[in-house]
Structures are given as C-alpha cells and as structure tokens.
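Peer 1: I have a structure here, written as structure tokens, and I will follow up with some questions on it.
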There are 2 protein chains.
Amino acid sequence: MNQDISQIKVGIVGGGQLGKMMVLEGKKMGIYFVVLDPNADCPAASIVDELIVGDFYDPLKIKKLAEKCDVITYEFEHINAEVLIDLQKSGHKIYPSPHTLMKIQDKAYQKQFLQSNDIPVANFEVIDSLDDLNRAVETFGVPLLLKSCRGGYDGKGNYLIKSHDEIEEAYKALGEGVWKLMVEEFVPFTKEISVVVGRGISGDLEVFPLCENLHENNILKMTIFPARVNDIVATKAKELAFKTMEVLEGVGVFCIEMFVTEEEDVLVNEIAPRTHNSGHYTIEGCSISQFGQHIRSILELPLGKVQLNRAGVMINILGEANYRGKAKLVGAKEALALPQVFLHYYGKITTSPYRKVGHVTILGDTIDEAFERAEIVKNTIKVIGEEVI
Amino acid sequence: MNQDISQIKVGIVGGGQLGKMMVLEGKKMGIYFVVLDPNADCPAASIVDELIVGDFYDPLKIKKLAEKCDVITYEFEHINAEVLIDLQKSGHKIYPSPHTLMKIQDKAYQKQFLQSNDIPVANFEVIDSLDDLNRAVETFGVPLLLKSCRGGYDGKGNYLIKSHDEIEEAYKALGEGVWKLMVEEFVPFTKEISVVVGRGISGDLEVFPLCENLHENNILKMTIFPARVNDIVATKAKELAFKTMEVLEGVGVFCIEMFVTEEEDVLVNEIAPRTHNSGHYTIEGCSISQFGQHIRSILELPLGKVQLNRAGVMINILGEANYRGKAKLVGAKEALALPQVFLHYYGKITTSPYRKVGHVTILGDTIDEAFERAEIVKNTIKVIGEEVI
C-alpha cells in the first residue's frame with residue numbers, strides 16, 4: 001500500500017449510512033473514495049469521489065470497483081463473496097478478507113465455526129424440512145427462533161415460534177425451505193450487548209466500550225453506553241470478542257452481538273463483519289469512532305487507542321409508521337435545544353415505515369441524565385413522508 | 001429558514017480547509033453545500049454538492065452562490081463585503097452579517113470600533129505617509145508593528161520594525177502607501193491566546209476552552225489546549241470575547257486572538273469572523289467542534305454546549321521549506337502509531353514552502369504527555385514536493 005496514505009484509493013461496497021459515515025471520517029485524512037451502490041441517490045453519493053451504480057452481487061461492477069481502488073471494504077455483509085475471493089487471488093487487497101466474510105454470511109456455518117473454536121453460542125440446528133422443524137420444536141421446546149441462514153438484518157428473516165400452532169406458519173413465512181434455515185434455542189438473556197472491536201493487519205486489537213442494546217420490532221431502538229454490566233461480564237465479553245476476531249482473522253471493525261444471561265454467562269449471538277448501528281455512539285462518545293478505526297485498519301495503519309469521552313444513549317430515527325414518499329424531518333431544532341444532543345441525518349430521499357433515516361446521540365454526565373434527554377428527543381424528532389398510508 | 005433543516009442549502013465563500021471541515025460537519029446532518037472557490041481542486045471540492053469556480057471578489061459569482069442557497073457564510077474574511085450587503089438588502093441570509101464583516105475587514109477600523117466600545121486593544125495609529133511612520137516611531141518607540149489594514153493573514157502584511165534603520169524598508173515592503181497602513185504598539189505579552197466563541201441568532205453565547213498559540217515565522221505553529229492561564233485571566237478573556245461578539249452583533253463562530261501581559265491584562269489583538277486554525281483542536285478536543293457550532297449558528301439552531309474532552313496540542317503540517325510541486329505526505333503511519341494522534345490532511349494537490357497542508361491534534365491525559373508525543377509527530381510527519389528548490 002502507498003506509504004503516502006493520502007494517495008490510497010478506498011472502494012466501499014455500499015453507500016448507505018455506514019458507507020457515508022466511513023467516508024466522512026476518511027475525508028479528514030484526504031482519502032479518495034469510490035462507492036458501489038445500486039442507488040445513485042444513496043446517503044454517501046454526495047461526498048464520494050466516484051460512485052458506481054450497480055448491484056452488490058454484480059461481478060462486473062465489483063471488478064470495476066477493484067480496478068479503481070487500492071483496497072476494498074464493505075458496509076454490508078450480503079454481497080458477492082465469491083467475486084471478492086477471485087479478486088483477492090488476483091492480488092487485490094480486501095479487508096475484511098472475503099474468507100472471513102464467507103465464514104459469517106451463512107449464520108449456521110458461522111455458529112458451527114464459533115462452536116468448533118470453543119466460543120459459546122446458543123444451541124442451534126440446521127433445518128431442511130418441515131419435519132426437521134417439528135422435531136426441533138420437540139427437542140428445544142418453545143419459544144424457538146427460526147432463522148434464514150443468509151440475508152437477514154434488522155430481524156428480517158427471523159421468526160420467533162411461540163407455540164406449536166405457529167410451526168407451519170413460521171416455515172411458510174421463511175420460504176418453506178427455498179432458503180437454508182436454522183433454529184436457535186431461545187436464550188433467556190438479561191441483556192443484549194454489542195462489542196465493537198477493531199483488529200489491525202498486525203493482529204493488534206482495540207475494543208470500544210461495551211454497549212447495551214434495546215430492540216423494538218426487531219430493530220435497534222436504543223444503545224446505552226457504556227453497558228451496565230459488572231466487571232466479570234465485561235471481561236468475559238471482551239475476551240470473547242478478541243478470541244472471535246482472532247479465529248476469524250478479522251481485519252477491520254466488527255460488531256459482535258452477545259447475550260448476557262442471569263448466570264452471568266456470555267454467548268455470542270451474531271457477528272457483523274463491519275461497522276454497526278450499535279457503534280454509532282462512538283462518533284461523539286469516544287476518542288476515535290468505529291468509522292475512524294475501520295479506516296485505520298483497512299489502510300494498514302496502527303489502530304487508535306479508544307477512550308470513552310462521556311456516557312450516553314443513541315436512538316435511531318425511524319420513518320413514522322403511517323408515511324411514505326419524500327422524507328421530511330421535523331422537530332430537529334427543538335431537539336437540538338437540549339444539551340449534548342447530536343443529530344445524524346442520513347439524507348435518504350424517501351421514507352417508509354420504520355426505515356432507518358438517522359440517529360441521535362445524547363451524552364450526559366450520567367446515563368440517567370442522557371435517558372431523560374433521550375425521552376424528550378424521541379418525542380420531538382420525527383420523519384414523516386409526503387404520502388399518508 | 002426551512003424548519004426541515006436537512007433541506008437547507010448552505011453556500012460557503014471559500015473551499016479551503018476551513019470550508020472542507022465545515023462541510024464534513026454539516027454532512028452529518030444531511031446539509032446541502034455549494035462552495036465558491038477560485039480553485040476547482042480546492043480541499044472542499046470532492047465533498048460539496050456544487051462547486052462554483054470563481055474569485056471571492058466576483059460579484060456575479062457571489063450572486064450565483066446566493067441564488068442557489070438559503071444562507072451564505074464564509075471561511076475567509078477578505079471577500080467582497082459590498083456585494084454581500086446588497087444581497088442581504090435584497091433578502092438573502094448571510095451569517096456573519098456583512099455589516100459585522102465590514103467592521104473587521106479594515107484592521108484600523110476594527111481597532112477603533114473595539115476601542116469605542118471599551119474593549120482594550122494595543123495603542124495604534126493610521127499611517128498615511130512615510131512622515132507619519134517616522135513620527136509614529138518617535139511616539140511609540142521600537143519595536144513597532146507596521147500593518148496593512150486589509151488582506152493580511154499568517155503574518156502577511158505585517159512588518160515588525162525593530163530599529164529606526166528599518167523604517168523605510170518596512171514602508172516599502174508594505175506598498176509605500178498604496179494600501180492603507182497602521183502601526184500598532186508592540187505589546188510585551190507573556191502569552192497569545194485564542195478565544196473561539198459562537199453566538200446564535202438569539203444572542204446565545206458559547207465559548208470554547210481558551211487555547212494558547214505559539215507562532216513561528218508568523219504562522220501558527222502550535223495550539224495548546226486548554227490555555228495555561230489562571231482564573232483571573234480566563235474570566236477576563238471570556239468576558240472580553242462575549243462583549244466583542246455582542247458589540248459586533250456576530251452570528252457564527254469567531255476567533256478572538258488576545259494578548260496576556262505580565263500584569264494579567266488582556267488585550268484584543270485581532271478578530272477573525274470565522275472558524276480559525278487555532279480552533280481545529282475542538283474537533284477531537286471538545287464535545288462539539290468549532291465547525292459543528294458554526295453550522296448550528298448559521299442554520300439558526302440553538303448552540304451546542306461545549307465541554308472539553310481531553311487536553312492536548314494541535315500542530316500544523318506545513319510544506320517543507322525546500323520543496324514545491326505535487327505534494328507527498330510521509331511519515332503518517334509512524335506518527336499514527338502513537339496514542340491519541342489524529343491526522344487531518346487537507347488534500348491540497350501541490351505544496352510550497354510553509355504552505356498549510358494539514359494539522360495533527362494530539363490528546364493526552366496531561367498537556368505534557370501531549371507535548372512529548374507532539375515532539376515526535378513533528379519530526380515524523382513531513383510534506384515534501386516533487387520539485388526540490
């Protein structure tokens with residue numbers, strides 16, 4: 001890689017909010033960015049040097065991106081890993097490695113891989129038929145989580161079977177076997193936490209403060225930082241995160257979601273081989289953000305030391321339920337009148353129910369102070385659309 | 001102004017590093033930016049929505065900028081204020097107001113204005129001829145600072161007369177009366193400090209932690225934050241800054257440079273009606289940066305509360321003395337191996353001796369820790385050019 005880092009051209013597969021925030025960090029150091037996204041109006045579009053409009057699975061477009069860049073990364077794991085492997089073979093730098101990506105894309109394979117490396121995960125089983133599913137419900141009982149092994153995010157591709165009556169419905173909802181499925185034992189967790197962690201090419205590791213996630217309708221609703229867990233749990237979680245990064249040989253920033261149980265056990269839930277919604281708090285909350293750290297790792301630079309600036313919460317701004325069409329942001333001025341409120345608005349042209357269109361980070365001297373402010377912000381900032389549905 | 005702040009279009013006169021860093025902040029909130037700059041390759045070029053290539057004094061280009069935008073601001077004070085006044089009269093929003101700008105552009109007028117508002121400044125006198133200058137040297141003694149009243153920055157347009165022999169030379173160097181000149185009594189200061197301060201449209205004021213400046217060859221070499229001054233001096237400086245913003249009716253972020261004397265008097269040296277090099281530390285050093293604050297003020301939003309994250313120093317990266325041509329950054333990887341080192345590289349295509357091409361902010365648990373790191377960074381990061389001179 002060029003020793004003059006300002007001459008390095010970075011290609012990103014995906015120009016959504018994660019890509020956009022990565023570009024904003026890299027531009028501080030004068031980095032050149034080319035982004036591949038199907039949408040010419042994607043959030044990153046207005047700040048990239050070049051935009052290639054194309055599908056994440058289109059081999060020709062991915063190759064075009066590679067030819068223009070010194071290193072490729074991605075903001076989204078559901079992309080064409082096979083093409084990336086070919087490109088890597090022919091000498092292109094890709095971080096995280098497509099071999100790492102392949103281990104993660106299929107959730108059943110991901111869990112098998114973790115298990116074989118003694119990383120604790122919930123019990124699971126691959127489901128090939130309705131009969132398999134029936135048997136699994138007998139074995140594991142309910143509630144039981146049915147998941148498609150590929151392509152899911154924000155709860156899409158997940159079905160929580162709460163009674164035996166729902167088995168067929170769940171099987172139908174997830175494609176009746178068209179896509180590979182798995183079941184996962186329901187973990188009665190007391191907390192869901194995220195460990196955002198960076199690993200450099202020389203194997204150096206830097207973990208961000210653990211954070212705690214609250215979901216609503218399967219979408220991340222709020223992240224609380226730092227997570228309110230004791231030292232035993234925190235140490236277990238960090239050790240698991242480091243071990244996971246090592247066995248995956250991950251280079252870049254990853255998000256490792258974990259469950260904490262009543263017995264203070266920590267299990268790995270899911271891995272995102274990329275920056276993550278639950279790490280957005282790092283922009284204002286930490287000395288270096290997840291995006292800045294990711295840029296450092298893919299440029300083969302030493303990682304930045306992470307320090308927490310202040311506690312707080314991050315809430316997502318989702319499109320209001322009963323609107324679509326051209327997005328309109330309301331209440332921003334009122335929300336920003338509160339102390340330590342930071343608005344991120346992704347610039348998506350249209351809204352739809354529950355679409356992620358922005359987030360707000362709220363700092364406080366204590367988490368409770370931030371909570372109080374968050375409650376007001378949540379009721380103040382709204383994104384509506386031109387069309388009422 | 002549109003209540004949906006993401007729909008507001010901001011015009012910036014100037015696309016240098018200050019404009020670039022302003023855009024990077026505004027893009028977080030999805031703001032649209034149009035920039036006017038004479039250079040199509042200016043630092044902000046790659047991240048703006050529209051670039052108008054044209055001179056800062058070209059009335060047609062400035063009008064074009066105004067027509068495209070809801071509000072205009074600037075990164076540089078030596079621009080065509082008359083055109084801005086006309087535009088303001090015809091209903092365009094311009095922050096800071098061009099009337100404020102007019103009070104600042106002419107340094108003699110600036111000082112008269114401050115003096116008439118009981119804001120302490122060094123003694124000064126307008127110089128209309130060589131005779132005037134000779135008389136002034138008699139009155140004030142040497143050293144005496146001869147300044148052109150307009151257009152100077154980074155010490156350009158300043159001449160420090162150290163003995164009677166230098167009077168004619170100084171007069172010649174500053175244009176022999178072609179430009180309006182002034183002399184300023186030399187203040188035997190113990191410290192030069194900057195007060196970066198924001199004022200909103202409703203008159204709300206937010207001051208950043210005072211910082212301390214060290215110059216070399218008239219160019220800012222290092223900023224130390226927070227300034228090592230006692231409470232008496234800090235209070236005086238903040239009160240002066242607030243009063244200055246009020247009498248100027250300034251809207252936006254300003255930098256007020258001050259001298260601190262041995263007697264703990266504080267005098268206003270110069271005012272920049274814009275974000276400033278000595279405020280770059282706020283990006284990593286504070287909860288909100290000077291650029292984020294400026295964006296808030298010109299969007300007519302409430303100002304953000306300022307909190308210091310950590311102490312440290314900011315050093316400028318200047319083009320090495322004996323190079324010009326295509327710029328090449330060396331040593332970045334090595335410098336970034338130190339903890340809490342943040343590189344900003346503006347993306348200027350070419351370098352020349354002492355050209356400001358970037359800066360590095362270095363945080364520490366103490367200023368001394370940051371100093372030690374800065375010493376290493378200074379000797380590591382260099383910008384050279386293709387051509388040795």
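A Cβ is built for glycine as well, from the same backbone N, Cα and C atoms used for every other residue.
What TrEMBL records for this protein is below:
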- A:Lys107, A:Lys147, A:Glu184, A:Glu185, A:Phe186, A:Val187, A:Glu192, A:His215, A:Asn269, A:Glu270: ATP binding site (BINDING)
- A:111-299: domain 'ATP-grasp' (DOMAIN)
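What's the neighbourhood like for these features in this structure?
Peer 2: Counting Cβ atoms from all protein chains shown, A:Glu192 (ATP binding site) has 19 others lying within 10 Å of its own Cβ. In this structure, A:Glu192 (ATP binding site) is part of a beta strand by DSSP.
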Peer 1: DSSP three-state call for A:Lys107 (ATP binding site): helix, strand or coil?
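Peer 2: DSSP assigns A:Lys107 (ATP binding site) to helix.
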Peer 1: Cβ distance under 8 Å to A:Glu184 (ATP binding site), same chain, sequence separation 6 or more: which residues?
Peer 2: A:Lys111, A:Ala122, A:Asn123, A:Phe124, A:Leu144, A:Leu145, A:Lys147
Peer 1: Across all the protein chains here, work out how many other Cβ atoms are within 10 Å of the Cβ of A:Asn269 (ATP binding site).
Peer 2: 18
Peer 1: Out of A:Lys107, A:Phe186, which of the binding-site residues is least crowded by other Cβ atoms within 10 Å?
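Peer 2: Counting other Cβ atoms within 10 Å of each of the binding-site residues A:Lys107, A:Phe186 gives the minimum at A:Phe186.
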Peer 1: Taking all residues of the domain 'ATP-grasp' (A:111-299) together, what is their mean pLDDT?
Peer 2: 94
Peer 1: Roughly how wide, in whole Å, is the group A:Lys107, A:Lys147, A:Glu184, A:Glu185, A:Phe186, A:Val187, A:Glu192, A:His215, A:Asn269, A:Glu270 that binds ATP, by largest Cα to Cα distance?
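Peer 2: Overall maximum Cα spacing for these binding residues reaches 20 Å.
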